[in-house]
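Colleague: Sharing the feature lines straight out of Swiss-Prot:
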{"type": "BINDING", "residues": "D93, V180", "note": "K(+) 1 binding site"}
{"type": "BINDING", "residues": "G150, A151, W152, K176, P177, S178, E179, G230, V231, K232, T233, G254, C286, E387", "note": "NAD(+) binding site"}
{"type": "ACT_SITE", "residues": "K162", "note": "active site, charge relay system"}
{"type": "BINDING", "residues": "L246, K457, G460", "note": "K(+) 2 binding site"}
{"type": "SITE", "residues": "E248", "note": "site 'Seems to be a necessary countercharge to the potassium cations'"}
{"type": "ACT_SITE", "residues": "E252", "note": "active site, proton acceptor"}
{"type": "MOD_RES", "residues": "C286", "note": "cysteine sulfenic acid (-SOH)"}
{"type": "ACT_SITE", "residues": "C286", "note": "active site, nucleophile"}
{"type": "ACT_SITE", "residues": "E464", "note": "active site, charge relay system"}
Amino acid sequence: MSRFGLQKLYINGAYVDSTDGKTFNAVNPANGEVLAEIQSASAEDVNRAVASAASGQKVWAAMTAMARSRILRRAVDILRERNDELAALETLDTGKAMSETTAVDIVTGADVLEYYAGLIPSIEGQQIPLRDTSFVYTRREPLGVVAGIGAWNYPIQIALWKSAPALAAGNAMIFKPSEVTSLTALKLAEIYTEAGLPDGVFNVVTGSGAEVGQYLTDHPGIAKVSFTGGVKTGKKVMANASGSTLKEVTMELGGKSPLIIFDDADLDRAADIAMMANFYSSGQVCTNGTRVFVPAALQAQFEAKILERVKRIRLGDPTDPQTNFGPLVSFAHMESVLRFIESGKNSGARLLCGGERVTEGEFAKGAYVAPTVFTDCRDEMEIVREEIFGPVMSILSYQSEEEVVRRANDTTFGLAAGVVTNDLTRAHRVIHQLEAGICWINTWGESAAEMPVGGYKQSGVGRENGLMTLEHYTQIKSVQVELGEYASVF
């Protein structure tokens, strides 16, 4: 029997069996251990979840703002109390190092929930005077039942990023985690119930995106879909959502983000930033700065600093607190990353380090890929143009500011970008020209609860986090009041 046994669906405040009996396995990518057998939701199960959510949403929306706020803040407290327990489960399910999951995944997810819990009482409309005898007032009302579809790289954080603004605005959410990493979303559902969330307001349906995800995007009882994942899948989700019942959508999709290092930059700081922008979470971060642009005159120096830092990476068992680089999320994803690495080798890029699966000793049981750095890369190479979502850095040289801005923008993606320079005038000038939704100056990767995040171009639609996201989980009702006489033309 697997370590965590059979995992059921979470509907109407309790675990329930799927109606069709289909299951899939949760696998620890560090060693291939089957962690759990997880039930897959059927169309009938999704119908149950939607009916439950519709009923629960009416109860939730009727509660006072302060009452809703207190319940979500109670959930924040429980998340923080159980941080280490949840982090340990996230590490087993994703392969991410415990040093990361204990410090980031649950912590930042709880921060977002706390942020939106505090904003609930501030959701208000406007009063617009028309004349002495008439005025208009507006109400921000919830959409109703919304769906969240998560990615596998930050399972519980994404579940919180999606559910926090949705619930804060008075909606109910049906959440489908990635079938690769489903375990912590189910724990989050338990926590919401324990905190006092009415039954049905947060349901979890597990299963594949192709089946369960499509049930959600097609369902007429769902008003909005928020999706995190790849561009190809995102386009299908958006088409299904709009083609079925004209649902609203939020899409947080892929990226191939440029990190531009200028000639006046502190090269040590630049190298530190490049390392974090490529190898944190074993390179499985959508905002990673995988196209590293370096002045041609500084390329050799920069490469030496990167190699020096790669040697300091502590690849190992992700449950070891000393490890800071674990396996990839699955064996299938490892094969995808290795195919990109072979493409890099065959395209003429110069391999500085890595470029292979790690198979020494116990590592042979896991989905480990060595931190990989290519240099002398060209813009047309596949490793430079396509999102790899793994520990693969591409170094490109350039001659002028104008050139590097043009090349940085020469992509269908537009999720993130960054510059490293001591010249703040140049920093702002360049950032204002970069076609990306999230930009960093002399840093990389932080996405605070208050900061709207999302992409330009094919990297997404809409934003997550920040004030504006809360607005997109509501709809405006305008009401005109006439206090004076009414004159008919008939």
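Along the chain as shown, residues are numbered 1 onward.
Glycine is treated like the rest: Cβ placed from N, Cα and C.
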Colleague: Which of the binding-site residues listed here (D93, E179, V231) have a Cα atom within 10 Å of the Cα of K162 (active site, charge relay system)?
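Modeller: Checking each Cα against K162 (active site, charge relay system), there are no hits.
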Colleague: Do you know offhand how many angstrom separate V231 (NAD(+) binding site) and G460 (K(+) 2 binding site) by C-alpha?
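Modeller: Just about 8 Å between their Cα atoms.
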Colleague: Cα within 10 Å of C286 (NAD(+) binding site): which of the recorded positions D93, L246, E248, E252, G460 qualify?
Modeller: E252
Colleague: Where does E252 (active site, proton acceptor) sit in the DSSP three-state scheme?
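Modeller: Going by the DSSP assignment, E252 (active site, proton acceptor) falls within a strand, counted as strand.
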Colleague: Roughly how many Å lie between the Cα atoms of L246 (K(+) 2 binding site) and E179 (NAD(+) binding site), rounded to a whole value?
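Modeller: Answer for this pair: 26 Å between alpha carbons.
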Colleague: For the recorded positions listed here, E179, E252, E464, which shows the highest count of neighbouring CB atoms within 10 A?
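Modeller: Of the recorded positions E179, E252, E464, the most buried by Cβ count within 10 Å is E252.
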Colleague: Quick check on the binding-site residues: of W152, V180, C286, K457, whose CB has the lowest count of neighbouring CB atoms inside 10 Å?
Modeller: K457
Colleague: When the Cα of the residue listed as 'active site, proton acceptor' is compared with the Cα of each of the recorded positions D93, W152, E179, V180, E464, which one is closest?
Modeller: E464
Colleague: Mind checking which of D93, E248 has the fewest other CB atoms within 10 A of its CB? They're the recorded positions.
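Modeller: Counting other Cβ atoms within 10 Å of each of the recorded positions D93, E248 gives the minimum at E248.
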Colleague: Cβ atoms within 10 Å, counted per site: which of V231, L246 has the most, among these binding-site residues?
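Modeller: Neighbour-count leader: V231.
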Colleague: Going by C-alpha positions, which of the recorded positions (W152, P177, E248, G460) is nearest D93 (K(+) 1 binding site)?
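Modeller: Minimum Cα distance from D93 (K(+) 1 binding site) across W152, P177, E248, G460 lands on W152.
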Colleague: Measuring CB to CB from G460 (K(+) 2 binding site), give everything in the same chain under 8 Å that is also at least six residues away in sequence.
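Modeller: In sequence order, the residues whose Cβ lies under 8 Å from that of G460 (K(+) 2 binding site) (at least 6 apart) are G234, T250, M251, E252, L253, L415, G437, G454.
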